[in-house]
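Feature annotations, courtesy of Swiss-Prot:
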SIGNAL    1-21  signal peptide
DOMAIN    26-73  domain 'WAP'
DISULFID  Cys33-Cys61  disulfide bond
DISULFID  Cys40-Cys65  disulfide bond
DISULFID  Cys48-Cys60  disulfide bond
DISULFID  Cys54-Cys69  disulfide bond
DISULFID  Cys77-Cys127  disulfide bond
DOMAIN    77-127  domain 'BPTI/Kunitz inhibitor'
DISULFID  Cys86-Cys110  disulfide bond
REGION    102-133  region 'Interaction with SEMG1'
DISULFID  Cys102-Cys123  disulfide bond
REGION    117-133  region 'Interaction with LTF'
Amino acid sequence: MKFSRFVSILVLFGLLTKVQGPSLTDFLFPRRCPRFREECEHRERDLCTRDRDCQKREKCCIFSCGKKCLNPQQDICSLPKDSGYCMAYFPRWWYNKKNGTCQLFIYGGCQGNNNNFQSQSICQNACEKKSNST
């Protein structure tokens, strides 16, 4: 009798955490933001202020000159080049994993992804050193 109550409470707890908050593995193995700090040409607008501003598997991290929502389990340097859908003209750098170099592209100013750096040196420090160590 006591055991079945205990199991029912565990099942209910498991269902509620999936609906209302982080999963049990997030408590046991907390995710961390990348430890990447760089001198920036200019500070970018923060896209978040805390983890609650981000989607389920993302954290609000200081990354590439501003606060951004990142999935700590995702390799940012593996993301494809994404100019976004706006029509601004911002020269930026992205890491091309196929040839292992940072390449210039034009960012439209909104959306896109986090494989988007202000300078070639910031891109290299974030991605090339990481890929050389693996």
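Backbone N, Cα and C atoms are what each Cβ position is placed from, and that goes for glycine too.
Predicted, not measured: the structure shown is a model, and the values here were computed from it.
Cys102 (disulfide bond) and Cys127 (disulfide bond) are 8 Å apart (CA-CA, integer value). The Cα of Cys102 (disulfide bond) lies closest to that of Cys40, out of the disulfide-bonded residues Cys33, Cys40, Cys60, Cys110. Cα distances from Cys40 (disulfide bond) to the disulfide-bonded residues Cys54, Cys60, Cys61, Cys123 are smallest for Cys123. Per-site Cβ counts within 10 Å over the disulfide-bonded residues Cys33, Cys110 peak at Cys33. The Cβ neighbour count for Cys102 (disulfide bond), using a 10 Å radius over every protein chain in view, is 22. According to DSSP, Cys110 (disulfide bond) is assigned to coil rather than to any helix or strand. For Cys69 (disulfide bond), the nearest neighbour among the disulfide-bonded residues Cys33, Cys61, Cys86, Cys110, Cys123, judged by Cα separation, is Cys61. Here Cys54 (disulfide bond) is positioned 22 angstrom away from Cys86 (disulfide bond), judged by their C-alpha atoms. In the three-state DSSP scheme, Cys127 (disulfide bond) is classed as helix.
Cα-Cα distances to Cys123 (disulfide bond) place none of the disulfide-bonded residues Cys33, Cys54, Cys60, Cys65 within 10 Å. DSSP gives Cys54 (disulfide bond) a coil state; it is part of no helix or strand.
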